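As recorded in Swiss-Prot:
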BINDING   12-36  NAD(+) binding site
BINDING   Ser144  substrate binding site
ACT_SITE  Tyr157  active site, proton acceptor
Amino acid sequence: MSGLRLDGKIAIITGGASGIGAEAVRLFTDHGAKVVIVDFQEELGQNVAVSVGKDKASFYRCDVTNEKEVENAVKFTVEKYGKLDVLFSNAGVMEQPGSFLDLNLEQFDRTMAVNVRGAAAFIKHAARAMVEKGTRGSIVCTTSVASEIGGPGPHAYTASKHALLGLVKSACGGLGKYGIRVNGVAPYAVATAINSRDEETVRMVEEYSAATGILKGVVLKARHVAEAALFLASDDSAYVSGQNLAVDGGYSVVKPI
């Protein structure tokens, strides 16, 4: 029996040029998948594709807020590989924390456009491709501990992740009849490009995560989140749908709200 959990599978990973997405590209290809890296960061995305091998990964530049570009990214994948088995909708943005009294509605709209509308567009077009080919696919969205509770994240980010979790549950209900599973993976504070500009910021985020987290002795890394996404993408979770898999060391379960 093969130990490759995505052997022969075709996957799209949005936000795949860095952070959790880049780790997922490496992990998914290690497990036998062919991956299309979707991101607007062309140089970084191409570098990730080269690092895993152009025979295993391709890069497609896309603004997730533009539905036509999203549709074309899915079309590119199906034309290149013949099908689509997995969507890991991971692209996201986060605004700077601040007082709700000073809420910047332009930033709010941008955050919702990327984190919710972008995910909705990819789920829509990926699901269409899966249904057309008769593929019992898996869709995984990066949510957050902020999709379940308020407080840990900035206001627009928290609102967007709550909405994204609702989208996951709604899509689960709407796509189950086609054999398509839809789940979320919900990390606690993990240092990625979304919140860390340099090594000093990475250190600060990891120190915050270690100090405020429940599970001690482990520092949450992007790789841990990618491993959870791999489980949800693979047939190991064949009867799991509509769930929001927490990768938070117990934070959302026991942390006082």
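Numbers here mean position along the shown chain, with the first residue as 1.
Cβ coordinates come from backbone N, Cα and C, glycine included.
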Original post:
Taking only the binding-site residues Ile20, Ala24, Phe28, Gly32, which one has a CA atom nearest to the CA atom of the residue listed as 'active site, proton acceptor'?
Top reply: Ile20
**OP:** Report the member of Ile12, Ile20, Ala24 (the binding-site residues) whose C-beta atom has the most other C-beta atoms within 10 angstroms.
**Re:** Ala24
Original post:
Among the binding-site residues Gly16, Gly32, which residue has the largest number of other Cβ atoms within 10 Å of its own Cβ?
Top reply: Gly16
Subject >> Rounded inter-Cα distance in Å - Ile20 (NAD(+) binding site), the residue listed as 'substrate binding site' >> reply: 12
Original post:
Once the chains shown are all counted, how many other Cβ atoms turn up within 10 Å of the Cβ of the residue listed as 'substrate binding site'?
Top reply: 31
Subject >> Length of the line joining the Cα atoms of the residue listed as 'substrate binding site' and Ile12 (NAD(+) binding site), in Å >> reply: 20
Original post:
Does DSSP put Val36 (NAD(+) binding site) in a helix, in a strand, or in coil?
Top reply: strand
Original post:
In terms of DSSP three-state secondary structure, what is the assignment for Ser144 (substrate binding site)?
Top reply: coil
Original post:
For Val36 (NAD(+) binding site), what is the tally of other C-beta atoms lying within 10 angstroms of its C-beta?
Top reply: 27
Subject >> Count of other CB atoms lying within 10 Å of the CB belonging to Phe28 (NAD(+) binding site) >> reply: 28
